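See below for the structure under consideration.
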Amino acid sequence: MTPSISWGLLLLAGLCCLVPSFLAEDVQETDTSQKDQSPASHEIATNLGDFAISLYRELVHQSNTSNIFFSPVSIATAFAMLSLGSKGDTHTQILEGLQFNLTQTSEADIHKSFQHLLQTLNRPDSELQLSTGNGLFVNNDLKLVEKFLEEAKNHYQAEVFSVNFAESEEAKKVINDFVEKGTQGKIAEAVKKLDQDTVFALANYILFKGKWKKPFDPENTEEAEFHVDESTTVKVPMMTLSGMLHVHHCSTLSSWVLLMDYAGNATAVFLLPDDGKMQHLEQTLSKELISKFLLNRRRRLAQIHFPRLSISGEYNLKTLMSPLGITRIFNNGADLSGITEENAPLKLSQAVHKAVLTIDETGTEAAAVTVLQMVPMSMPPILRFDHPFLFIIFEEHTQSPIFLGKVVDPTHK
């Protein structure tokens with residue numbers, strides 16, 4: 001029987017605690033000179049922005065009535081690492097599917113960009129708890145190509161484990177233990193079933209624990225209605241916050257835009273469409289517009305009502321990536337001969353992406369710097385996130401989209 005690669009791509013964003021900071025704003029937060037402007041960062045951010053939106057639109061095409069949550073960074077990292085061992089059309093499809101222009105960007109620069117991104121995300125000195133991990137699980141009688149192994153370790157910080165896939169329960173435990181440890185127990189059963197021909201598995205995770213500089217006050221949280229659609233309403237715990245916030249209305253998107261900063265180097269962008277404008281928002285949203293929001297912040301007195309929620313996403317990447325042009329790797333025409341020294345052809349038989357996000361009131365106070373700002377004497381806007389909305393969480397040094405999601409029903413986990 002022809003061996004095949006079974007690849008489980010696994011992601012976690014665990015205990016994502018949104019803590020708004022309207023009293024602890026630092027002038028440097030709007031100073032773009034503080035951002036990492038290296039070519040590697042710029043390159044990866046540009047491509048990941050395009051990739052994230054393309055992937056999101058494909059998910060909407062598959063189902064526009066459910067919550068969406070995924071990590072463009074996690075998915076792109078795993079496929080980019082796999083490209084190290086691919087050749088021919090398989091290789092080209094992967095990198096072009098990740099939105100890289102191979103006539104303008106060398107393969108070496110692509111992998112250096114990912115290396116720089118992972119080093120930035122895994123900085124131990126950051127206030128933001130953000131870590132990633134890549135695990136290569138190799139059948140004990142399979143020998144990997146040394147060049148692939150060295151580059152996977154060097155560029156993608158990959159850990160290598162020798163396992164016996166003939167003992168599927170034992171192999172699952174090794175993979176699941178790796179992910180469970182890396183995600184601090186948030187994903188305990190990442191792999192439920194392995195294909196019988198599996199000889200190689202790749203697991204990627206990302207753990208994100210974000211706290212706002214100033215938390216919501218739980219005493220202000222009250223039960224309120226959330227309108228899933230025109231005929232469906234659910235009850236949710238609705239958090240409330242008032243103060244000087246980065247909020248404005250974007251006529252291009254027909255949506256309200258809210259930016260909220262984490263302690264550390266991450267920002268969440270929330271997009272609340274006007275009535276009946278969700279489809280317009282999804283069709284019009286672009287990485288250029290998001291970049292403008294991040295660079296040109298507008299603070300004003302405002303009040304927001306935001307649902308406490310916990311959502312997750314689990315996706316079959318074969319059906320998700322194929323419309324983006326990544327098809328060869330999943331069929332018998334795949335060329336992954338740069339991974340193993342064996343002559344038997346390999347293909348990607350399984351590709352799974354999992355993500356979890358929690359938003360609640362908890363968080364930590366930052367050293368407060370009181371900022372007084374004159375504002376026009378007009379009625380402050382009241383934003384009620386009581387109908388479906390989008391959000392994107394960015395790492396600020398690289399301007400890379402870590403997570404992208406859509407909340408349709410905050411009660412559906």
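Cβ from N, Cα, C; glycine included.
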Key: Stated Swiss-Prot location of region 'RCL', expressed as one of 68-87, 248-267, 368-387, 388-407   = 368-387
Note = Restricted to the region 'RCL' (368-387), the mean pLDDT of the model is 59
Inquiry  = Let me make sure I understand the structure: which of the glycosylation sites listed (Asn64, Asn101, Asn265) has the fewest other Cβ atoms within 10 A of its Cβ?
reply    = Asn101
Task = To the nearest whole angstrom, state the Cα distance for the pair Asn265 (N-linked glycosylation site) and Asn101 (N-linked glycosylation site).
result = 29
